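> Got a structure for you, questions after.
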Amino acid sequence: MAELEGLEFGKSDFVLLDEVTMEQFMENLKLRFEKGRIYTFIGEVVVSVNPYREMDIYGKEVVEAYRGRELYENPPHLFSVADAAYKTMKRRAKDTCIVISGESGAGKTEASKYIMQYIAAITNPSQRAEVESVKNVLLKSNCVLEAFGNAKTNRNNNSSRFGKYMDINFNFNGDPTGGHINNYLLEKVRAWRKVGVEVTMRPVRHADHCLLRGGSEEMLQSLFLQRDPSFYIYTREGASSSVSCSNLRADRSAHKAVLTALKVIGFRAQEIDSIYMILGAILHLGNLEFATDGESVRVTAPQAVENIAILTSTTAADVSKALLFRTVATGGGEVIDKGHSEQEANYGRDAFSKALYERLFSWIVSRINAVIEVKDYNPVLHGKNTVIGVLDIYGFEIFDNNSFEQFCINYCNEKLHQLFIELILRQEQEEYDREGIPWQHIDYCNNQIIVDLVEQPHRGIISILDEACLGVGKVTDVMCLESMDSKLGQHPHYTSRKLSPTDKSLEFQRHFRIRHYAGDVTYSVEGFLEKNKDPLFQDFKRLMFNSTNPVLSEMWPEGRLDITEVTKRPLTAATLFKNSIVALVDKLACKDPYYVRCIKPNEVKSPMLFDDARCRHQVAYLGLLENVRVRRAGFAYRQPYNRFLQRYKMTCEYTWPNHLMESDREAVEAIVKQHDFHDDVEYGHTKLFVRTPRSLFTLEQERAALIPILVLFLQKVWRGALARMRCRRIRAIYRIMSCFRRYKVKAHFWEVERRLGGVRTMADYGRSVQWPAAPAALAHFHAITQQLYHRWWARQVVKNIPPSDMAEVRAKVAALSALQGERPTWGCGRVWERDYLSHVSDSPQTSAHFVQVSKELKNKDQFSTILFSGFVRKVNRFNKSTDRALFITDKHVYKLEPRKHFRVLKKIPLDNVTGLSVTSGADQMLVLHTSSKDDILVCLQRGELCPNQDRVGEVLGTLSDHFTSG
């Protein structure tokens, strides 16, 4: 770092001071502030000084410069500690937290915003939409919480009036997946009434001011509000300080930003309207005034009550009754309305206003949590869920008049300082002793005694306050102070005027003083009990629960209880706050902490003034000098031997992949010796301690260079293993497939044998048997087998046919083959007579004469066989038809004239016939094609033997068989 920043800017790490003294510390801090270097390291702790001006050190270039770099590689910056926390979380899968502490106005809120922006900038490089959505909601939540939880005071323009701890959840890739926000002690009192002279202008919430200055005219009209903040009691003080044009533009811009943020987060339009209606109702409540009219009290401005009723979705009568009366249940179960005095009415109005704002703020936080919570998380599927916590909480406060809020705030800072002492100072020194590391003990201020003074059961201040609040009868603040004096009189860090009569700075029966780690604080006991009880009349709770606005009703669930129902007394405000702070400290203690210690350079918000006394006081109570001493004498990094070895064993040839030494410590010593930084380490009983980060960075660099090589090697080995497993699986698959195929083939043969084994003895020779489906591998073989069976079956059938019928069978087979199913009926099922003209039954009148003619033709033409004879209807080319007879022998085709004693009209040699054409219908048309192109077109006539006979198939089959067998 000395190379990155010149000596003119001072030492960038307080550990590098020549002497650890307050003078040198302050001199270096002042020099860096004047040179514009507002950040300085103490090891891994960042000391931040509020510059009170805009600085161009948070842009994209700066983010890239710090992304993934070690702490000492760049000048000190908030981004350094943010990146260190992120790397620790991602590398070691450990939860981390960033604790931002300091007094009011030291710049804690701005620091938390820059840290959040940095984490958002370096995550989700793949720009996944769901991750971007989570980041946007997390960032926008800051805008909303600042608007409703921060206020402008004379000490701070953006003073956090609540404590905020945000957990950001990350997946195994290091991308944010959600989060959760805890809020602590929303300070309500100073938001409503002026308290003491330390507040020269009343701290108005940003949301109130931006609503009046930045809201549209339509919005203000709907809320019955005027634009002038001075018109309202709750925003009157300080209103005149912000009337410039630039402030008006800023207010409008801020109001628009809040509306946009609410929409981005996921608030519905009805919910946003409800938020501003509640704000409007609170402002109207502040303007309510009461007057005594005889024995009763009345509201002086009924129209304001009407406006409040409309904004809270109730009735004016119910609002007026809740403000002026209190419903009380008597011992006998009777319910009566007890009228308020003017003082009680004023008290109830302010208590109601405070409770409304507190419920609104808590509801906004819970609504944001519902949106950003991690949903559907499964560690098995999504990997380990790690967390970075960011704590931005109010700083230590010392005013001229310190009340209950300062007491709680300062107690919170005592607890956080105790955690700092525990983790950074005490535990570190105890660990060195436990591990046997040579060490020079450093004294530090342990504030455990102050924490016990506040929270010790039965004897602590909170217990005394609770005892007074729960007591029977009228217990006053003075009586509570006397009880503290009697029980805490011997405590070295507690005093009062009664215990120190000579101390004129304390008033009798009013003040007590606690010696905090940050200095002595005098508290005024006035109002302690009232604020601790934090009472609110049940009438207001029932009024809000019965509102027709579901958002408002949801904020007041206890309003459903009837007045006669006895409920358990609620915990006091101090106890609730103590419990939440104890839970917060426990949550921080289980994480790896990183610290940002904020310092306020002056009280006038000047970018040039460095108040030496003011800063010296802050350095003292923050324990920064003790931190420097521990850091100079201590070690930057420590790790158990087994975890150190697990992370860095690949950097040494003697430890990779596994060492053969007697212990992990010897293996770690081998790694240290190989890298030659044994002078920079110490060996404890169970851990290795590394003094400077540079040694660790050297190991990290070498590890980062080796990781890709190891990854490639592991990928190669794993790919080989996967290939071998895949090969074995494929071989097994093929073996199983082969066995299965053989089984299916055998099973098919067995099934065929079972079904067709007895076909020889069957009447139909197995014609009715259904063949089993063949596997795909036997499809071709199955077809051949079926063909062989069909031929065998045909042979068996043909064997039983008499020789005299064989000619007819052959002719029918020939017709079947020729027609190929084109003609549905062709006379297959009847006996083919062939010579129908000689058949007495078919041609009773002409058969005898035709027999004589056929004999003459046989003698003349010497034919041996009559293939077909029958009556036909001859059709010529002119579409004229005449009756004729067709006589076909094995030698000739004769066309005869039946009416003239079967005179031969045409004789064509059978060898000249080249083809035969028939139709696919039921008609008897027939065409004999000849080589001389003298085709014969006839229509076969049915005889008397059977009028419906189809003889086309007979002619076709007879001729086909003749030509085939010839």
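Every residue, even glycine, has its Cβ placed from backbone N, Cα and C.
So TrEMBL lists these for the protein:
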type	residues	note
BINDING	Gly102, Glu103, Ser104, Gly105, Ala106, Gly107, Lys108, Thr109	ATP binding site
DOMAIN	9-704	domain 'Myosin motor'
DOMAIN	821-966	domain 'TH1'
REGION	581-603	region 'Actin-binding'
> Residues of the same chain, at least six outside the region 'Actin-binding' (581-603), with any C-beta under 8 angstroms of its C-beta?
29, 33, 42, 44-50, 52, 78, 81, 84-85, 88, 94-108, 111, 115, 155, 165, 182, 184, 387, 389, 391, 395, 411-412, 415-416, 418-420, 422-424, 455, 609-611, 614-615, 618-619, 622, 624
> Please list residues from the chain of Gly102 (ATP binding site) whose Cβ is under 8 angstroms from its Cβ, counting only those at least six apart in sequence.
Ser48, Lys108, Gly395, Phe396, Arg597, Cys598, Ile599, Lys600, Gln618, Leu622
> Applying a 10 Å Cβ distance cut-off over all chains shown, what neighbour count does Thr109 (ATP binding site) have?
23
> When a 10 Å sphere is centred on the Cβ of Gly105 (ATP binding site), how many other Cβ atoms does it contain?
23
> Using DSSP, how many residues of the domain 'TH1' (821-966) fall into helix, strand and coil, respectively?
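Going by DSSP assignments, the domain 'TH1' (821-966) contains 35 helix, 50 strand, 61 coil.
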